[in-house]
Structures are given as structure tokens and as C-alpha cells.
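Working notes for the structure below.
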């Protein structure tokens, strides 16, 4: 599964645990399975040939669990990692098969979307882990995710019409996850209007209430899944206080408090069978019977609240550290870190974008790559691959290998440019600027490489790729200092070429 979170996989052999794969996928725009510099972990899936026991037997592990591998999206620095044409997820689905455990989410909410194509059917996921379509997987939404319950069930119903079955039996939700309420979404829109009126610009949020919910969480006034399933009278009292707080800040905000509480009480009974103590669940997953774990997140490094292009970022950490805080996975359980990056760069919404091409090249990338946000339907801004961003994401996440996706989108170009360095006031700088005004002023230095002008979508081995395409991949490797392990040339799982 690519696009929403990072993946962690552990596997035991010969009585001992050895690291397998933990995949963290970042997206630069919602709805793509290619990885970007901002990664937002969101859901967790347990792909296991062995069903998880209802009451796992306590035991004393001989070790603290084997390291996992994390796959992070880098290149599409702003939300959406597209696995290939159309931004579908491929890498995680190849990594996590039957007999594995996939944690699908650690951070974020339904402000990003992933399109997954399986057996010719196209599914769109926002809150549900993408691996929910795998009937041999158990999917887990972690504590770092903020959940809008009406949105969760609406999403499930839409995918049921496309063939998704029995998802409720395969989904587990952390009791520590915070809740997104309808008034959070309303406030999200009001804040954007205020920014536009006061500053002449907004952030370009999806208006899904993610920022206001994380604000409530940080202010310690938020409400969690465990609160909803406990004493409902106490929950109702706290809900009313939170609603009144928002109304005092936004006098025009109208909230049907009793109506929302009635709906929430109904949702509580629907999710009750799915809710578990997330920390204990993950502990058992890491130390119990052998399984693979894949973590899926949303967004990518450049949308990270700390390391992204602030303030044009998301409200949580979508870099590798979010795996630990969003799921309760200890740092020692993270081994290899895989970065997922498109063969070009995209961004949705407002913010600096040094290699953006506002010309026929940008239009071609947008059209051929089907660069539209799954969540918002907004057109993605497109530009040449920016290796300054990729190196910056590597500094933060420490990639051990890369997955380069959507290479086929460049098939028709006679030449391909790559951003290799920035100049500021005429001097080359070795870092990625934190200040947005500075970033707007950088001059990008490009290397121009010959295109291949050949169809790569049928390639299944390294030898099938044109020499110029191979040179492009090696160029990326040499400049970033990280080996490319996978190359994507289409949106099907078979279109992901593994190099080693």
C-alpha cells in the first residue's frame, strides 16, 4: 500500500526475529501512491496467515522484537506519492502479502486519499487502510490518526459498491485515536476564510477538520475513541464544552449539539467491536507469531509540521518519527527505511515549489500523470524532479533504498531536466531553506539529460528499460547517495520493477 503511511514488517526465521520491511509512504498530493518528502502515517494493517487471537496469551519475549523497514515518500514533496501513472499504490502491496501484519495508519485524517487498483478495480481510500482490500490482512488505525466517524462509514459504503466486503471484520481501531467532529470541519473552513480576508491568502487546507482537531488535542480538550465508548454522559458534557469553546471563538458557527451527539452514540455502537487497546495490539503484533507489518501514512516530508514548508503543511509528523509516536512502535523496531519518490515533483495547494513548470511541460506531466487530488479533486502542480528536496528528505529520514515511481510519465520527452542545487543571492546553498520567502527566491540549477522517447510500460526487468532511462535512474542514485531498489512504470502491481 502506498500513499498514506509507512510500513513496518517483521519476520522471524529459525527462532529469531530478523528485520523485514517497514514501509513509510509519503505523498505530495492527496490520492497518489507515489511517495513525497512528507510522510503521514495513517493506518496499520496486519497481513497475517495466522488470525490474531481475541485474547493473546501473555509471554515474555526474549528480545524487544526485530527491526522493521520503513518506506517513506520523498520526491513528491507535497502530499501524494503515486506509485505510477494515475498515482496508485504499488510498493506496499508488493511488500505486504499474505502472512503479514500491516499497520495502516499512524498520523493524519481523511485529508489525503490513495487510489489503489486491484484486479482492474479502482478503490479510493482516505481513512481506511489501503490493505483493507486484502482479505488475509488485519488493518489497524493507530492512535496518531484523527477520525471523522461519518466520513469513515461513508468511505466504506462507497468502496462496498466497488466490491469491498466484510471490512468491519478486518479493521481494528486504536482506543487512543482522537475524534474529528463536524464543527471541526466547519471551523477549518471559517479559518481559511479568515486567513484570506486578513492576509490575502490561505493555506489551502482540505477543510476536513484535521488542523482544528489536532489543535484540540494539543490544548488537551480533544475527545478520543475511548471517551466515546466509556461513560456517554461524561462524553456528552465534554463534547458540549468543546463545542461552546469553538462557538465563542467563531460567533457565526452553528452546531446542532444534540443532533451530533445522537449520531455519535449510534456510531459508538457500530465501532465498538473494532476498538482495541492500540499499544498492546502493536506489542503483540511485534512479539507474537511471525508476520509482516506494513505501516501506511499520508502526505510526505515537505508536509511535515516540523520539517515541511511551514505554514503550508499538514498538522502532524509525516516523517519517519511518526511511525513511533503514531502507532506506539519502539525505535529499535525500525530497521531499513525505504523512500518512495516520483520521477518528477508535484504539489497540491499553495506554497513554494522551486522546480514547478507553469508551461507545456507542467501541463504534460499533469495530464499524463493524472495529477488530481483524490480528496479535493484539485489539480496538482507539476515540475521537474527536485533532488534538493530528495536529499533533504533523506537527511530527515535516513533512507536505505528508494522506489522511483511513474517513470513512464516521462516516456514522451526528448530531454529531461533535474533540479540538482539551489542558489540564493547568487551563492549555492547546501541546505533546504526553512523560510518560505527565501525558498521563493532560490534559483534552481538544472542538469539536462537525454530522454528515451520510448514506451516503458511493458518493462518488467532492468534490462527492458532504454539506456537513457537507466542513466536517469543512476543519475538520481549518484546525486542522492541512495540506491534505487524499485522502478515503477505503470499503475499495476506488475509494473513495479525490483532491481535487487
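Indices start at 1 and increase along the chain as displayed.
Glycine residues also receive a Cβ, built from the backbone N, Cα and C atoms like all the rest.
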*Using TrEMBL as the reference, determine which range in 51-80, 81-110 is annotated region 'Disordered'.*
81-110
*Candidate recorded positions 217, 377, 379, pick with smallest Cα gap to residue 406 (GTP binding site)*: 379
*In Å, rounded, how far does the Cα of residue 379 (substrate binding site) sit from the Cα of residue 206 (IMP binding site)?*
13
_Between residue 378 (IMP binding site) and residue 115 (GTP binding site), the C-alpha gap once rounded to whole angstrom_ = 15
*Give the residue from the recorded positions 217, 299, 379, 408, 489 that has the most other Cβ atoms within 10 Å of its Cβ, counting over every protein chain displayed.*
299
*Compared by Cα position, which of the binding-site residues 115, 377, 408 is the closest one to residue 206 (IMP binding site)?*
377
*Sparsest-packed among the binding-site residues, when each Cβ's other Cβ atoms within 10 Å are tallied, from 378, 380, 406*: 378
